[in-house]
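Have a look at the structure below, then the notes.
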Amino acid sequence: MANVTVIGSQWGDEGKGKIVDWLASRADAVVRFQGGHNAGHTLVVGEQVYKLSLLPSGIVTGTLSIIGNGVVLDPWALRDEITKLRGQGVEINADNFAIADNCALILPFHRDLDALRETAAGAGKIGTTGRGIGPAYEDKVGRRAIRVCDLAHLDHLEPQLDRLTAHHDALRAGFGEPPIDRDKLVADLREIADYVLEYAQPVWKRLKKVRKAGARILFEGAQGVLLDIDHGTYPFVTSSNTVSGTAASGSGLGPGAVGFVLGIAKAYTTRVGSGPFPTELEDETGQRLGERGHEFGTVTGRKRRCGWFDAVLVRQSCAVSGVTGIALTKLDVLDGFDTIRICTGYRLRGKILDYFPAHAADQAAVEPIYEEMDGWHESTAGARSYADLPAQAIKYIQRVQELIETPIALVSTSPEREDTILIRDPFSD
């Protein structure tokens with residue numbers, strides 16, 4: 001049986017939630033492998049709308065859902081999200097949900113530090129969600145983190161607290177903040193420990209068993225390749241690797257488990273927060289894309305920046321992440337445009353580039369080279385086969401496929417799960 005890894009091929013917010021939900025109904029396990037509760041997914045199932053930030057999308061369908069070791073976990077955010085979903089009738093228990101016991105925790109002072117840094121940065125801020133993701137990853141890499149398994153040993157936490165407070169109290173002092181209240185922190189952890197430990201286990205072992213049984217595993221990425229700590233628009237990136245290879249290291253399975261890599265890309269481009277955006281439209285066209293696409297962040301509610309499809313960026317994302325096929329989403333947002341543009345290259349100080357440069361100053365300076373196509377005025381909303389699409393919409397899909405040098409495997413034409421045109425089944429490979 002084939003496994004499938006779903007990743008964002010742009011700056012996140014590509015519609016991964018709908019695609020993962022669609023695939024999860026055919027998977028035996030769904031795994032989150034990086035990020036934290038900074039990655040919002042909106043799922044629409046019938047009349048019910050589910051907003052997830054931390055839990056794998058498979059939880060809504062009752063599929064075994066796993067938070068892998070590559071995720072940083074806010075235990076209080078976890079409890080809030082589970083409580084909300086249970087209120088919507090979703091069943092969550094230790095049989096269908098598991099957390100890696102070696103996950104690093106996001107703690108209250110991580111959120112504090114995130115907010116303090118963003119405020120101090122002023123106009124130079126990164127645009128984080130302020131949820132402590134970056135500082136938690138810093139502590140993980142710095143070997144200071146408190147992990148899920150430590151919640152079962154809170155009476156022996158002193159050495160870790162010494163390392164944590166020595167680091168963070170110095171940072172807090174620089175911002176004029178008081179030291180961490182160790183007693184309160186331990187009390188808060190005692191209060192939440194049993195709740196988290198109910199789901200904690202060596203998930204690599206459970207996944208090994210699932211894989212050995214020939215079951216289908218769906219790896220659910222968060223954010224997008226252009227926010228990858230190495231391959232993204234550094235420093236305007238997230239704090240983890242978002243490329244497909246992280247599915248292996250972030251879950252406890254080897255690289256052979258990654259399977260079919262399905263990249264998700266909107267039929268246009270959006271970005272939330274700061275950072276370079278070559279095709280950004282700050283005119284009526286950009287506003288129209290945002291309004292038609294309802295472009296507001298699931299987690300922050302921030303308005304997303306909008307622009308034309310950038311084939312250079314998506315082609316690069318596909319290359320560095322080994323994308324097997326693309327799911328093109330929100331095609332219906334382009335309905336009604338007389339002319340549609342696609343970025344096919346860049347100009348940078350008199351030179352033509354067919355790739356996105358690494359240096360921040362170069363990224364900010366590139367000018368898009370556009371190819372124009374006729375648009376279409378018929379509706380694509382709800383289309384479920386190529387026969388339902390206008391001829392120009394099909395030409396657009398084909399041209400995108402040529403430019404990104406990667407096959408289009410799926411086309412999504414609305415937030416509804418069934419409104420999907422399947423060209424190549426990821427699970428059949």
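Glycine is treated like the rest: Cβ placed from N, Cα and C.
Going by Swiss-Prot, these are the annotated features:
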- 12-18, 40-42, ARG304, 330-332, 412-414: GTP binding site (BINDING)
- ASP13, GLU14, GLY15, LYS16, ASN38, ALA39, GLY40, HIS41, THR129, ARG143, GLN223, THR238, ARG302: IMP binding site (BINDING)
- ASP13, GLY40: Mg(2+) binding site (BINDING)
- ASP13: active site, proton acceptor (ACT_SITE)
- HIS41: active site, proton donor (ACT_SITE)
- THR298, VAL299, THR300, GLY301, ARG302, LYS303, ARG304: substrate binding site (BINDING)
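Of the listed binding-site residues, namely GLY12, GLY40, the sparsest CB environment within 10 A is found at GLY40. The two recorded residues LYS18 (GTP binding site) and HIS41 (active site, proton donor) have their Cα atoms spaced 8 Å from each other. ASP13 (IMP binding site) and ARG304 (substrate binding site) are 9 Å apart (CA-CA, integer value).
Taking the binding-site residues THR129, GLN223 in turn, the residue surrounded by the fewest other Cβ atoms inside 10 Å of its Cβ turns out to be THR129.
Secondary structure from DSSP puts ASP13 (IMP binding site) in coil. Between the alpha carbons (Cα) of GLY15 (GTP binding site) and HIS41 (active site, proton donor) lies a span of roughly 8 Å.
The two recorded residues THR42 (GTP binding site) and ARG302 (IMP binding site) have their Cα atoms spaced 15 Å from each other. Secondary structure from DSSP puts the residue listed as 'active site, proton donor' in a beta strand.
Compared over the binding-site residues ASN38, THR413, the count of CB atoms lying within 10 A of a residue's CB peaks at ASN38. Taking the Cα of THR413 (GTP binding site) as the reference point, the closest of the recorded positions ASN38, HIS41, THR129, LYS303 is HIS41. Of all Cβ atoms in the shown protein chains, 27 besides its own fall within 10 Å of the Cβ of ASP13 (IMP binding site).
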